[in-house]
Structures are given as structure tokens and as C-alpha cells.
Amino acid sequence: MRVVVLTGAGISAESGVPTFRDADGLWEGHRVEDVATPEAFERDPDTVLRFYDARRRAVASALPNPAHRALAELEDALGDDLLVVTQNVDDLHERAGTRRLVHMHGTLAHALCTACGGVSTIVDDLADRPGCPRCGVRALRPDVVWFGEMPYELDRIERALVTADVFVSIGTSGNVYPAAGYVAFASALGARTVELNLVPSDAAVPFDEVRAGPASQVVPAWVAEVLSHG
Ligand code: APR
């Protein structure tokens, strides 16, 4: 059985990483256009770099929860037949043991050099303007995908969706494309679609099955069922 799992902020909520779309419409206290667009970075790089330095520190002290661990167990059983695609920029999936993982929106732990294009692990706060380890230029930005930018590894994700028997969406509100369109894509290609979410999303194409509840409970329960059915 070939499975593609898409995760969003909800899977990390119980690890203490806040989700994005709070009731007040702010993103961790900021308007999205002030911190998560290329225009914001041009206009006010200090605010943007400080925002991501703070998020990186918060994630570094968070721990994977049972939902992340259950997906790592699923990979132990399914091997190459499982691909986890995350919109999250935290590293909780890999710290739980997931290896076949696509970070379609990038990674908080990495810097992207706007001078040479090199990607490096962040050592010093980006707001302190460290030099790029490759070219030395002080032009690092977080290696995350901002609104208006192209997500990473779309070809690899689409190849996996084309052959998937099951598509599972976990803890994402389905507001941001292309990820929000994967349920329709997978469904049209014949995959069974499942949503695991605290509050079911308003998907344009309905999922075949929806299970509501906190990720730390519904994800391990779903994985246990899949494993018991072989
Ligand atoms: N367990 C399961 N799901 C949860 C939990 C929980 N404990 N807590 C919240 N959720 C669900 C919410 O019901 C919601 O559907 O997580 C989802 C969070 O939605 P968003 O905050 O919109 O996050 P996400 O869908 O990942 O956002 C997508 O938007 O801001 C950009 O690039 C950013 O990757 C992000 C993208």
C-alpha cells in the first residue's frame, strides 16, 4: 500500500508550536504581510529576521509528540511506500525518526544565501547578519518559502501522489496552495483520502473519511489500524 501523508501546523500544536490561523487573524502576533513575504524582507529585514530567529529558538526547545512518532513507526513498516510531505518548517518529523520527508515550505534551521544561493545550517541568529559559510557575504535569509514563492520539491510530491493508494491530511486548514489542492488531485487519481484534524477543514473536495480529534490521539490510532490490517 502506497501512502502519502501531508502534515500541517496542527500536528505540532501539542508540541507547543503555535498554529498560524488564530481567531484574531494574526500569525503569532504579526500580520502575514509584515513577516512572511519577500516584500516584507526587502522593506524591513530586521523585523523578519528577528521573527524567524524567535521561531527557530521556540522550535528547538519543542519535542516531537505521539503523532510525529506514529508516522515514523509507519515508515518503519511501509519503507519506501510512505512519503511524508510537511508544510511545517519545524524539524519534529525528523527528530521523531521520519526519513522519507519533503519540507515543501523549507526549514527554520536552514539559511539561504541571497548572494550565492547556498543553503547552510543556521549557527548564529540571522538578525546578527552572519556571513554565508560558502561565499562570506552577509546576505542570509531563512530557508523558508514565503507567500508568493514556489514551494520545494513539487515534482517529487506529485510523482508520489500519482501512485498513492491512500492520501492522508493531518492538521492542516487547507488554506494554502498547492498543498490545499492535493486532496482533489489524489482523489481524482483514485486514492482513498483521509483527514485527521482537530476541526475538519473546509476542503473543496470532500475527504472519503474524516476523523476529528487531537493529532496525538487520532494519528497513533489511525497508524495502529493501518498496521494491524497489514
Ligand atoms: N491536532 C490536530 N489538528 C490540530 C490541532 C491538534 N492538536 N490543533 C490545531 N489543529 C488544526 C486546526 O484545526 C487547523 O486545521 O491544525 C490546522 C492548522 O491550520 P493553519 O494554522 O492554517 O496551518 P497550516 O494549514 O499548516 O498552514 C499552511 O500556511 O501560514 C502558511 O506556510 C504556512 O505552512 C503554513 C501554511
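Backbone N, Cα and C atoms are what each Cβ position is placed from, and that goes for glycine too.
For 1-229, the entry in TrEMBL reads domain 'Deacetylase sirtuin-type'.
Per TrEMBL, NAD(+) binding site is recorded for 8-27, 87-90, 171-173, 197-199, ALA215. GLY8 (NAD(+) binding site) carries neither a helix nor a strand DSSP state and counts as coil. With a 10 A radius on its CB, GLY8 (NAD(+) binding site) counts 26 other CB atoms from all the protein chains.
Counting every protein chain shown, 23 other Cβ atoms lie within 10 Å of the Cβ of TYR52 (substrate binding site). Per TrEMBL, the feature substrate binding site maps to TYR52, ARG55.
Using a 10 Å Cβ-Cβ cutoff, HIS105 (active site, proton acceptor) registers 20 neighbours. The active site, proton acceptor annotation in TrEMBL covers HIS105.
For CYS132 (Zn(2+) binding site), the number of other Cβ atoms no farther than 10 Å from its own Cβ, over all displayed protein chains, is 20. Under DSSP, CYS132 (Zn(2+) binding site) is assigned to coil, being neither helix nor strand in the three-state scheme. Taken from TrEMBL, the feature Zn(2+) binding site covers CYS113, CYS116, CYS132, CYS135.
ARG55 (substrate binding site) and GLY16 (NAD(+) binding site) are 11 Å apart (CA-CA, integer value). DSSP classifies TYR52 (substrate binding site) as helix under the three-state reduction. Ligand 1 lies within reach of GLN87 from the binding-site residues TYR52, GLN87, CYS113, CYS116, CYS132, CYS135, judged by a C-beta closer than 6 angstroms to any of its atoms. Distance noted between the C-alpha atoms of GLN87 (NAD(+) binding site) and CYS132 (Zn(2+) binding site) is 25 Å. Geometry remark: CYS116 (Zn(2+) binding site) versus HIS105 (active site, proton acceptor), CA distance 20 Å.
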